[in-house]
Amino acid sequence: METDGRLKAYKFVAYAAVGFSIAAVASVLLTLPMVYSYVSHVRQQMHHEINFCKGSAKDIFAEVNYMKANAGPVPPRNRTTRQAYGGPEVNPAPNLQCEGCCLPGPPGPAGAPGKPGKPGRPGAPGTPGTPGKPPVAPCEPTTPPPCKPCPQGPPGPPGPPGAPGDPGEAGTPGRPGTDAAPGSPGPRGPPGPAGEAGAPGPAGEPGTPAISEPLTPGAPGEPGDSGPPGPPGPPGAPGNDGPPGPPGPKGAPGPDGPPGVDGQSGPPGPPGPAGTPGEKGICPKYCALDGGVFFEDGTRR
């Protein structure tokens, strides 16, 4: 009985261990792909964010360098004297226009909301709290005094018989017994194997000559067994060609051939559109009267 109980307990422990092992292996097989996919997703996201930060930094540096290159010295303001009323302007101020500068436009529309940030670091531990109030009740509960011991009761009924005990140890081997009386003879055994051939005996005396009689053929004997199969015959003539089979599958494309020879040059294209007219040139005119030089705008230099 005890051995059966132990065997059942051992079987239960073994099955439980195997079940827990299988559950652990299954959980590992299920969680590993999930962890790998999450790590790869986080890695790709970090890679995209790093690339975005690098691109933003490059754009900022490029804008700063562009502003440094285009920010030349400030030209001095040309403050001329006031014109006399009714008189011609002596030194007119040049018409300075800022072609390379532009005012910033209105702000663009608001962009899409960014991704939620990562959780912050845990805060510092708080200060210790104030001590609590003293307890009203005592810490250790008071136990009432024990009751007086009761008198001993009558003996109970006898219990059921116990289980049989374990088998005892093996006893020591006994002494060997005395030899028994010889038994009755057994049955006759099978004949033994044939003995070796004896030596040849002496040659006998020659017999009397036989009477000569004509030979008479005997009766025909029984037909003999069939002989072994003969050797294979010569190969036959080749048969006629069978019908053509179905077309085979399309083969893989072959390698690219060598480049072909250059073709002939095409005809000349149509003439392009007429260009914009050039700047008006300066053509001086000479005057023979006083030797001065006049230009088309009427000025003299």
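Even glycines carry a Cβ here, placed using N, Cα and C.
Features as listed in Swiss-Prot:
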type	residues	note
SIGNAL	1-37	signal peptide
REGION	79-82	region 'Furin-like endopeptidase recognition region'
REGION	105-134	region 'Triple-helical region'
REGION	109-284	region 'Disordered'
COMPBIAS	131-164	compositional bias 'Pro residues'
REGION	153-179	region 'Triple-helical region'
REGION	183-209	region 'Triple-helical region'
COMPBIAS	184-193	compositional bias 'Pro residues'
COMPBIAS	194-210	compositional bias 'Low complexity'
REGION	218-283	region 'Triple-helical region'
COMPBIAS	226-258	compositional bias 'Pro residues'
PLDDT averaged over the residues of the region 'Triple-helical region' (105-134): 73
Helix, strand and coil counts within the compositional bias 'Low complexity' (194-210) (DSSP): 0 helix, 0 strand, 17 coil
